[in-house]
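Asker: Quick one: structure below, then a few questions.
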Amino acid sequence: MKALVALLLLTQLLNCKSIPVGPFQPLLSRVIDCDDPESEEAAAIAVDYINSHNLHGYKFALNSIEKIKVLPRRPTGELFLLELDLLQTECHIVNPLPAENCTVRPITDHVVEGECDVKLLKLDGSFSMLSRKCHSKPDSAEDIIQICPDCPLLAVLNDTRVINAVNLALAQYNGEHEDVYLRLVEIGRAQILHLPDSVSVEFAVVVTNCSGKDAQEHVDGCLPEDQRFGFCKASVLTEGNITVSCEVYGHQTLCLKFSITGVAPLVIAIAGVTHDHLTKEHLGGEIPSLSKGFKHHDLRHFHRGPAQDTSDSSSQEAPVATPPAAPVAKLPLCPGRIRHYQV
């Protein structure tokens, strides 16, 4: 009986026919140039996202697309990986002006350069951000001096001379405008000049619910009003020789979390974005007590939104086919054009 069963199984095995399965067909990557309109569209969306989620310092403008790589994504879509070179503009993040309309700082104004690696998904003709990793740094002092020996360099933001200049300038502005009382959000930039000795500062402010008279009576009760921000520039020669101008903007939606001495934290938020840091520099007129001061707000520390600093685990890059030996594969023309100047 056992022999009969074994014979039947052997017969079935001999009668089985294998179904041919072809080799796995990997998708081909697509080569496009850094100045291709599709590359520029992806870069524009990435820069807009970076600016809208940067909650300190200044907005940045695209200077050039350094590299681009387009990979297929299973089951559908394409992944765009770009390296972007950015330049700091004169618009602080509280300025409602779109970044593309902001003036890029001249190279003699101790420019700050940003570098970003971004990853976008293109699906059904539309781009969406998956991840970004950025950092920024001022141009080297040596390069600035070589271009403009007399141009001032960026000063450390928690320098006592800088803090004093901001306090004096803001006090003078508030004293000259009794109808509104402004409080400090953050110091954006500072430069210490010589011959004559003076301090040039830029800082963001917020409109409070107090008049100048109210602030004299209970300054701790002066809270931000209706998400109205402003931006000030000042030059302080001496305590009695101060030039200050402030531009106050209309109502806008920003996400900032303030810490005021003796008052519970107040959150001004935009949907989908959170700002988790309680920072004493906001509205307190103080600067973070760091062992090493900083001269600018690094893009590395901007705050997360829906797109994270790591790759999206839900996207899968399809295997890329090895190109044939001939003809030679086309290489993208990169880096792309420089829109402003080479740093």
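Cβ atoms are placed via backbone N, Cα and C, with glycine included.
Remember, it's a predicted structure, so these values are computed and weren't measured experimentally.
Features from TrEMBL:
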- 1-18: signal peptide (SIGNAL)
- 23-135: domain 'Cystatin fetuin-A-type' (DOMAIN)
- 146-253: domain 'Cystatin fetuin-A-type' (DOMAIN)
- 302-328: region 'Disordered' (REGION)
- 308-317: compositional bias 'Polar residues' (COMPBIAS)
Asker: Average the per-residue pLDDT over the domain 'Cystatin fetuin-A-type' (146-253) and send me the rounded value.
Answerer: 91
Asker: Of the residues in the domain 'Cystatin fetuin-A-type' (23-135), how many are helix, strand and coil by DSSP?
Answerer: 22 helix, 57 strand, 34 coil
